[in-house]
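S.K.: Annotation source Swiss-Prot lists FMN binding site at 62, 63, 64, 65, 66, 86, 139, 172, 217, 245, 268, 297, 318, 319. Per Swiss-Prot, substrate binding site is recorded for 66, 111, 112, 113, 114, 115, 172, 177, 246, 247. Annotated active site, nucleophile per Swiss-Prot: 175, in sequence order, evidence recorded as sequence analysis.
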């Protein structure tokens, strides 16, 4: 009930202003009695992923809490893990406003945020300051003004700084809102990046005496051949996991709606089937050697179960969480326990 009232107010506001207000409010209330308005108890449904044990298979996707400011509040809602970021080595403002748009009739969102964040050093401070013991994955990317050819350096800088504090690290090469970023998904650029990241991971594991798994986040706008090539590169470079998928550049199912022609990545319900298709194709290519987090268009427990059936071990929500609220977490976990 509280969420529906809050949502009604927020949906009258500019989307980015509403988002910032929500994150700020959650930051203030995460460890206070006021978290009673969104705190919920989720029955355990443990799942093992990349060698880690999570209390349940439902996570918060990257992009909601980019700078890790409200981790404790999201823990109170019952998430099994939170993925913060995308974070870059240096702070950057992102793309020009406006850059976030609701497509309410389709339960979709278009964003062209452009990795706006306060930088990796700020994120590390927030990871150190968090009170809860929730699993936190850190999604890393490159700065906009870093040439693609030098992009791997940005990923290695972020890895070096977040490694001691992350449950896992997610490598984001699939956002459509940083020029040239998606080119890292192909050919020699992909192989060079994954090889450099794996080498760095092993160095850091030795230095810190702990192994932090690494997953690659991919786009939904890929051909089967491209998916096969990515799968081969993941296996070759012994990556620990994959996250499928990011937002799409397609506009299937939203034609004619207000804001549908805005540039950027489309998420939410219009992405559901495409994301599930990519998960199924990727799982077939990986042949059980590398586990997958399924994300994209999960608006119900049924949507999540479809991701599991397609080959995902865990799922993440973002747009569905905005439209459905924290109850979606509990609904998915309960359905997972019964499946």
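Cβ coordinates are placed from backbone N, Cα and C, and glycine is handled just like the others.
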S.K.: Measuring Cα to Cα, tell me the gap between residue 139 (FMN binding site) and residue 172 (substrate binding site) in whole angstrom.
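M.R.: With the alpha carbons as reference points, the distance is 6 Å.
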S.K.: Quick one: of the recorded positions 62, 64, 66, 175, 318, which has its CA closest to the CA of residue 112 (substrate binding site)?
M.R.: 175
S.K.: Looking at the binding-site residues 62, 217, 246, which has the shortest Cα distance to residue 175 (active site, nucleophile)?
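M.R.: With Cα distances computed to residue 175 (active site, nucleophile), the winner among 62, 217, 246 is 246.
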S.K.: Just jot down the residues in the same chain as residue 217 (FMN binding site), at least 6 apart in sequence, with C-beta under 8 A of its C-beta; none if empty.
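M.R.: When sequence neighbours closer than 6 are ignored, residue 217 (FMN binding site) has 62, 139, 170, 171, 172, 173, 174, 242, 243, 244, 245, 246 within Cβ distance under 8 Å.
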S.K.: Around residue 172 (substrate binding site), how many other CB atoms lie within 10 A of its CB?
M.R.: 26
S.K.: If I take the alpha carbons of residue 114 (substrate binding site) and residue 318 (FMN binding site), what is the distance between them in whole Å?
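M.R.: Cα-Cα distance, residue 114 (substrate binding site) to residue 318 (FMN binding site): 17 Å.
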S.K.: If you take the centroid of the Cβ atoms of 66, 111, 112, 113, 114, 115, 172, 177, 246, 247, the listed substrate site, which other residues of that chain have their Cβ within 8 Å of it?
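M.R.: Near the substrate site, the remaining chain residues are 63, 86, 94, 175, 176, 178, 264, 265.
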S.K.: Over all pairs within 62, 63, 64, 65, 66, 86, 139, 172, 217, 245, 268, 297, 318, 319, the annotated FMN binders, what is the largest Cα to Cα distance, rounded to whole Å?
M.R.: 20
S.K.: Per DSSP, residue 175 (active site, nucleophile) is which: helix, strand or coil?
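M.R.: Assignment for residue 175 (active site, nucleophile) reads coil.
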S.K.: Do any residues at least six apart in sequence from residue 318 (FMN binding site), in the same chain, have a Cβ closer than 8 Å to its Cβ, and if so which, in order?
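M.R.: Within the chain, residue 318 (FMN binding site) has Cβ neighbours under 8 Å at 60, 61, 63, 64, 267, 295.
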